[in-house]
Amino acid sequence: MASLIYRQLLTNSYTTDLSDEIEEIGSSKSQDVTINPGPFAQTGYAPVDWGLGETNDSTTVAPVLDGPYQPITFTPPIEYWALFAPNDKGVVAELTNNADMWLVIILVEPNVPQELRLYTLFGQQVNLTIENTSQTKWKFIDFRKRSQNDTYILENALLSETKLQAAMKYGGKLFTFTGDTPNAAPQEWGYTTNNYSAISIKSLCDFYIVPRLPRETCRNYINQGLPPMQNTRNVVSVALSARDVISQRVSINEDIVVSKASLWKEMQYNRDITIRFKFANQIIKSGGLGYKWSEISFKPANYQYTYTRNGEEITAHTTCSVNGVNNFSYNGGSLPTDFVISRYEVIKENSYVYIDYWDDSQAFRNMVYVRSLAADLNSVTCSGGSYSFALPLGNFPVMSGGAVSLHPSGVTLSTQFTDFVSLNSLRFRFRLAVEEPPFSITRTRVSRLYGLPAVNPNNAKDFYEIAGRFSLISLIPPNDDYQTPIMNSVTVRQDLERQLGELRNEFNALSQQIAMSQLIDLALLPLDMFSMFSGIKGTIDIAKSMATNVMKKFRKSNLANSVSALTESLSDAASSISRRSTIRTIGSSASAWTEVSTAVIDTTTATNSISTQTATITKRLRLKEMAIQTDGMNFDDISAAVLKTKIDKSTQIAPNTLPDIVTEASEKFIPNRAYRVMDNDEVFEAGTDGKFFAYRVETFEEIPFDVQKFADLITDSPVISAIIDFKTLKNLNDNYGITKQQAYNLLRSDPRVLREFINQENPIIRNRIENLIMQCRL
């Protein structure tokens with residue numbers, strides 16, 4: 001029989017090479033994982049910037065900050081803070097454009113009453129009134145005048161415990177910090193001037209250069225102090241001209257030749273980037289009356305956009321995916337009209353978001369051999385929207401709320417798979433923190449849960465946006481006209497969602513092209529792995545590796561997991577019987593096939609309770625049928641035959657997508673199944689949907705359904721797939737009339753009798769088989 005392929009996969013799917021298992025761990029998508037938070041918890045790759053570990057006191061260590069630089073007069077770059085670190089009171093810095101801006105920053109020690117002090121400002125002796133009533137904090141005071149002949153006016157003050165102040169040219173204005181540490185912030189309006197780009201700074205103390213983005217960096221220095229300089233004894237300031245050596249900090253967007261040989265050159269690319277991304281999701285509704293949802297989950301989302309960088313229009317492409325999701329569920333009850341969500345995904349503080357970024361600039365043309373990869377990005381908050389679950393009757397439950405903030409946590413190389421091309425790209429990893437508000441589902445007990453649910457993660461936004469910059473050094477050919485190929489060795493994730501989606505659509509469309517007479521013949525063949533996959537191009541060359549991949553994927557299927565659980569249950573049942581051999585209960589007679597020992601209470605059990613019990617039993621009858629095969633045809637024979645036919649007809653099937661397709665087919669083909677057991681003239685039939693019938697073969701007259709007898713028969717008698725179910729049999733008998741022998745043959749799913757009815761163009765039998773074929777969908 002064709003179902004041999006499933007038994008063969010179940011038998012062989014537990015043998016796999018260790019190297020294959022290790023390789024799969026790094027590439028397979030994980031939907032329900034336990035996270036151990038850490039700086040690089042989610043990748044098997046080393047961090048980009050290695051720490052220095054323990055450092056001897058005599059070792060010189062380059063500080064994290066850009067600086068310190070010696071006092072000098074210079075013109076600072078726009079959008080960069082000049083962070084002043086004076087050691088003593090007095091004039092800290094002089095800033096002017098020699099037109100309408102003369103600004104000086106004065107530092108006053110703590111506990112100074114109001115008094116006049118003499119300072120030398122721009123080469124002139126000037127008396128200024130200063131005061132600092134704080135007992136512990138130092139005070140930075142801004143004095144400004146608008147022309148050379150004006151007097152200085154006190155404009156701004158900063159009370160500081162860290163003795164740090166900063167100035168920056170940005171947006172046509174000059175900004176300094178104001179307020180009181182640890183809550184100091186940049187001025188809201190700044191100092192207006194007609195020619196702010198020409199402002200130069202004469203620093204009278206050591207200073208650092210800090211970029212404006214991310215905004216929190218300089219603010220944290222002002223309020224919390226400079227970061228520790230590790231174990232160095234002395235920090236020696238250098239001339240500002242030494243800053244030219246650190247080439248990646250000279251400008252935001254530039255290409256620098258680091259080294260060059262006859263065949264290769266090293267190019268350093270510095271870029272500021274705007275990352276736009278969005279989440280994708282899928283909401284799957286269960287069958288039935290319309291009150292139940294089976295899945296709400298995240299999916300990878302591609303997004304293409306353009307933005308301007310230094311006057312140049314950039315085309316960018318991002319792919320957003322999540323890892324470490326948390327599975328939630330809601331069950332409103334066991335009735336068919338009770339609201340149920342079997343599984344919905346939520347990302348929280350133990351989750352990660354990956355954003356793969358590519359643009360059409362020179363930096364991404366030859367991104368194969370890369371070193372010194374670093375990035376600096378802002379954070380962003382993602383807030384969830386509302387989703388209304390449309391029920392057939394009654395008020396609609398609404399899931400709303402939820403928010404998380406994304407914080408940069410690392411960068412690696414990756415490859416994006418778009419609809420047309422594979423792109424070498426950068427993967428930015430973000431750790432998550434939960435934010436207000438929590439999410440809830442109205443008209444349920446679900447309330448005040450934190451995280452971002454997958455139901456509406458974009459909240460009507462077209463995209464989320466993150467600004468930042470990156471720097472890398474790439475080894476490329478010396479001639480810019482050459483391009484190196486994409487290297488799969490640097491691929492972090494290969495997203496097959498698009499290929500699988502197209503293949504599923506093709507498979508579902510092929511259902512109408514299957515000839516039923518040929519299908520019955522194919523279902524009778526003993527299909528093994530080689531004959532099943534023989535229609536795929538290149539199978540002979542890669543048969544071993546492909547079969548291994550199929551078995552590894554099948555090992556994690558629901559069918560394989562059910563076999564494992566059943567094996568454990570049978571073992572438990574056997575040990576229980578050996579301990580209590582004198583007791584015969586429903587639990588021991590039905591054993592692990594039924595699990596109804598606690599469900600069958602008495603003969604007055606309500607109909608809905610019987611439905612629940614029979615549905616529970618029926619879920620395991622597929623395994624019972626596979627374990628004890630009869631001569632009749634079963635649902636898995638039809639499922640495997642349809643799978644074989646579609647594989648042969650498919651134009652998109654490939655070895656890399658085959659494992660997913662075979663596994664999905666074993667789980668999703670023919671979801672509505674019914675099984676029967678026979679006791680002389682009586683037949684008991686139950687379906688996975690909870691429907692059950694008991695009837696006599698002679699008259700097709702229904703009789704009361706005895707759950708206990710049904711459970712006993714399942715243990716002692718063969719289980720038969722109800723290919724032609726009770727309703728179809730009764731309809732066939734009422735309209736055409738069938739003999740008792742024909743009825744028995746159809747009840748046993750005899751393939752020869754089925755073929756005869758199909759060849760005779762019997763519309764009732766053909767309609768039933770067509771219905772089963774149409775249920776073979778992915």
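From the backbone N, Cα and C atoms, a Cβ is placed for every residue, glycine too.
Segment annotation: Swiss-Prot labels coiled coil over residues 486-513 (candidates 206-233, 290-317, 486-513).
If you look at the region 'Hydrophobic' (391-411), the same-chain residues 6 or more away from its ends with a CB under 8 A from one of its CBs are 39-40, 43, 47-48, 289-291, 337, 339, 344, 346-349, 351-353, 373-385, 426-444, 446, 449-453, 455-456, 466, 468, 470.
When other Cβ atoms within 10 Å of the Cβ of C205 (disulfide bond) are tallied across all protein chains shown, the result is 21. Neighbours of C382 (disulfide bond), defined as other CB atoms within 10 A of its CB across all chains, total 23.
C218 (disulfide bond) carries a helical DSSP state (H, G or I).
Counted within 10 Å of its Cβ, the other Cβ atoms near C320 (disulfide bond) come to 25, all protein chains included. Confidence across the region 'Spike head' (65-226), taken as the mean pLDDT and rounded to a whole number, stands at 90. It is 42 Å from the Cα atom of C382 (disulfide bond) to that of C205 (disulfide bond).
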